[in-house]
């Protein structure tokens, strides 16, 4: 089949090559020849011979028929060939078209795939867009809700600020008001809209505006908060005191936009404070007045009974007089407790450390205590542990008061047996007293409470408190601590109690070369002008003065005293403070005005008013102060003070200063530090302590106000450690008390300890600085 197609193709190609006519003629000739040959072959086969007619007939018919047939066939073939060629061209075109279609199809497929991909991407993007739209709708909804909440919160905050009684305002960098609350509107009489863009000078009075502008400047200049008090006027003329706090405020990037201010009306607090101060002054005045009114007859009883005891008496008279004398002294000591309680509340307790004849002190203590014990049929024993110093530096009056409280309590709670006082003196300048009784004892659960103010031990029958004020032990312990010591107690119920008192009392070195004791030195005989208006006091004072060998002139009024006084006529002037026509202070001022100071003798106040500060008398021109009743030891000490040598005075002052330093400072530790590291380290540490202490005290006070027990204890512990590290013994002891909530009546006393620390720490620091400077010079 393939050969035929090739032959046919050859046929067509030849025809196209030779042309239709020539190919037709050639084909016709070939057919004629083929016809002749076939005719001859057939004739030969059929007839066995070939005749010429046969040949001619074949040629004739071949020539007649073959050209036309060949031509027709050639035309047909030509047409077919042309058709084939056209068809081939068409096929080729179709192939090309097919290829193009295939290419387009591939491209279309690619485009479709790409389109599908784009469609998928678009669908995804559309989905994401829809999701974004959904989220955007949610966010818009949330923002709308947030906006509503913010508006509600803003409205709530505005309502809250407007409902607040405190002032709230803010000003911009130009010091113009930017907004305020309702309270501020009421204060200024202007609405917020009216207040905006106004300056303080447009709102407040000139005086108030000046302070407002000054404080604003401080806030803007230093970028710190500021708190102060200021009186402001309401539109109706009312005045109110505000505690104002101003703070700078910033945006998120730290740019300052102005200040915010808050003001709290503390007018009522001020009134309350004023009322408290007035009440305190009234109480002090009352106690001062009652002191004078009670002590005047009491001093007469004590003085006259003491004078009468020196006269010849029967046994019964002596017994009665001793009872009167002891009762009056006891009453005086109870009153001293009340006075000291008031002084402690006002932080006015002052120690008068002077050389005290300790031998005479113990003798007086034994005599008076024995008198009291005899009233109840008790034995009194004084058991000193030798050696004891002849003289010590201490406040003899306070020490006598403490011991009298302890001994009086021992006698009060002892029905039978004895009261024993043991005394010893240790190295370190510490005096120890043990007051032991055989009385009812103290229950163990009350041992930690007996030193609390107003606490009274209950008896063992029915739980009733014992008689008394309940302040004696509390006052005594505070005095003991002020004197560098303490009071402790041990007791067994039914067997008695032992109170141990320790105080810091340096001994006075005795001069080996002295030919005689200072106490043996005779006192000078003085001409004394006694200014006193109460006859009983005159009798007591005159008796004491004349007993010491002095001559006495008496003036009953201030006018009489000024008329009687002549320079050089009197060696000593004793001035009562409360006279009918003027005060002793007025007399002192008048004398110092009339005469040169060198022409005046010592002017000494003689008063029963124990509340007055000694400095007040000294400022009025007085030289010293004696309390009533006038006692021989006090008068003797005063005379020696003005008629002894200057060297003795300087020695006394130096010893007194050392005593105060040792009570406040840890001298042994500081001396070791000074020797090891020198003064610079102590000074540097003290500077750090001085810088930190205000913060400590501030936190302590805030914790106390908030009743934060844990915070108080923690801050007390910090102060204790800091004070101990720089040798401030007194502050360390206070810190120890503050950090020890298990101490008896801690909650009742911690406020006083904190107040004491607040009042005293700067003084203690200055004492330490002075000690370091003095030790460095040495």
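Cβ atoms are placed via backbone N, Cα and C, with glycine included.
Looking at the topological domain 'Periplasmic' (47-57) alone, the prediction's average pLDDT is 71. Look at Swiss-Prot and you will find 47-57 tagged as topological domain 'Periplasmic'.
Swiss-Prot lists 289-507 with the feature domain 'Histidine kinase', giving sequence analysis as the kind of evidence.
Among the features that Swiss-Prot reports, phosphohistidine is placed at 292 (among others), with the record citing experimental evidence.
The domain 'Response regulatory' annotation in Swiss-Prot covers 527-643, and the record cites sequence analysis as its basis.
Summarising the annotation, Swiss-Prot assigns 4-aspartylphosphate to 576. Annotation for residue 576 (4-aspartylphosphate): same-chain Cβ neighbours under 8 Å, separated by at least 6 residues, are 531, 532, 533, 534, 537, 584, 606, 607.
Spatially close to residue 717 (phosphohistidine) yet at least six residues away along the chain are 735, 739, judged by Cβ distances under 8 angstroms. According to Swiss-Prot, the feature phosphohistidine maps to 717 (among others), an assignment based on a curator's inference.
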